[in-house]
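Student: Got a structure for you, written out below as structure tokens; questions coming shortly.
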Amino acid sequence: MDVTLSNTEVIQGIQLISRRWLNLQEYQSKKLMSDNGVKVQRFFVADTANDALEAAKRLNAKEIVLKAQILAGGRGKGTFNSGLKGGVHLTKDPKVVGQLAQQMIGYNLATKQTSKDGVKVNKVMVAEALDISRETYLAILMDRSCNGPVLVGSPQGGVDIEEVAATTPELIFKEEIDIFEGLKDSQAQKMAENLGFHGALKTQAADQIKKLYNLFLKIDATQVEVNPFGETPEGQVVCFDAKINFDDNAEFRQKDIFAMDDKSENEPIENEAAKYDLKYIGLDGNIACFVNGAGLAMATCDIISLNGGKPANFLDLGGGVKEAQVYQAFKLLTADPKVEAILVNIFGGIVNCAIIANGITRACRELELKIPLVVRLEGTNVQEAQNILNNSGLPITSANDLEDAAKKAVASVAPK
Ligand code: GDP
Ligand code: MN
């Protein structure tokens, strides 16, 4: 069978996976970078047009760059629902900064990486603009296929890197890093050269690459992406943009960074879910999915689609689950009026299925659940869980496997 995912479904999938990680705005990433010797422009952050104007005056720069802060790339080419085009603007006049900020703050910015409604802008970054003579691309990321960090770069920066990789793959350079030996001088030099930096600029670029690598390690990042990693006519190598992803397993030793997590772009229901250690993603179908793990969530989405249905949302339950969490999960799932059926698909590895079953029966009774509920449990203590469900006297449909569960859930809702 052939499934074609729409662009929004792909974006939702990416969101589902990436919400598992902490997200920082560009200005927060740049603060970390400048604190660690990485070269970024002088900047202020503002959340009103008036503050943006004041910041622009205070910068006292020859030229100013105003940048909408959202957790998505492609802002430069984005559009606001205020009508303003472009989430990145250059101007010499602080007054213009105020006027532009007025058309950014409080409005939604849609880019290639957001849904078509875009994301509401709460903050703008007001930075000293620098002339750029050349834009390159640089990233450091944890790469499964290399079993460790890898440096990725291209002399073709500023633009969509996926496009460079697709059209001119010979312009993408990789340098595997041995995590025990660290990034070697020679590797940083080689990357700087591949990026097209020469002479004193090459030394400077290599130094910046090393500082970025040290930061990558220090903050437990899974990715540091700088696009553009640029060169100025005055002979400076500058990180003009920054996106950092973090390893959420490192939260215990990165408390200061995790405290900066910008949740303002989440849906209120996502934040409500987070209170109970649940991860919620809203979609636009009518079958609510209660699963554990992002991988199982994606598989559940696929199999519902394959059987002609559409998921309404996902609630991802972590390990170490408590009965009360299951109750909260059901409350959140059923709060969405689009939901016409619930599909529970839990694989009990760390999770004890009996706890889930008890949570489900309690939620059904207390919430007086009126919509069809299909449950597929597998793994630890599954027999006891089945008994709890079967003896509950509640109209719960049990499923043998994922395929069976998806079929039953799809059959239980009106065709859309
Ligand atoms: P993105 O569109 O979300 O990736 O945002 P960027 O921060 O990368 O900005 C988009 C583009 O604006 C960059 O690729 C640059 O071409 C341009 N830009 C950003 N900052 C400056 C600056 O200080 N000076 C100049 N001349 N261009 C800039
Ligand atoms: Mn960029």
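Just so you know, glycine gets a Cβ as well, placed from its N, Cα and C.
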Student: Gln41, Gly74, Arg75, Gly76 show up in TrEMBL as binding GTP; which entry in Leu100, Leu130, Leu138, Leu141 does that record put in the same site?
Tutor: Leu130
Student: So TrEMBL lists Gly349, Ile350, Val351 for substrate; which of Asn292, Asn307, Asn400 goes with them?
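Tutor: Given Gly349, Ile350, Val351 bind substrate in TrEMBL, the matching entry from Asn292, Asn307, Asn400 is Asn292.
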Student: Is Gly74 (GTP binding site) helix, strand or coil when read with DSSP?
Tutor: coil
Student: Out of Arg75, Asn292, Gly349, Ile350, which of these binding-site residues is nearest Asp131 (site 'Important for substrate specificity') by C-alpha distance?
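Tutor: If we rank Arg75, Asn292, Gly349, Ile350 by Cα distance to Asp131 (site 'Important for substrate specificity'), first place goes to Arg75.
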Student: Drop a 10 Å sphere on every Cβ of the binding-site residues Gln41, Asn292 and tell me which sphere holds the fewest other Cβ atoms.
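Tutor: Output over binding-site residues Gln41, Asn292: least Cβ neighbours within 10 Å is Gln41.
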Student: For each of the binding-site residues (Gly74, Gly349), count the other CB atoms lying within 10 A of its CB, then report the residue with the highest count.
Tutor: Gly74
Student: Select, from Arg75, Leu130, Asp131, Asn227, Asp241, Ile350, each of the recorded positions with a Cβ positioned under 6 A from at least one atom of ligand 2; if none does, say none.
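Tutor: Passing the 6 Å Cβ check against ligand 2: Asn227, Asp241.
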Student: Taking only the residues the record lists as binding GTP, namely Gln41, Gly74, Arg75, Gly76, Leu130, what is the largest Cα to Cα distance between any two of them, in Å to the nearest whole number?
Tutor: 19
Student: Please list, in sequence order, those recorded positions from Glu63, Gly349, Ile350 with the Cβ less than 6 Å from ligand 1.
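Tutor: So the answer is none.
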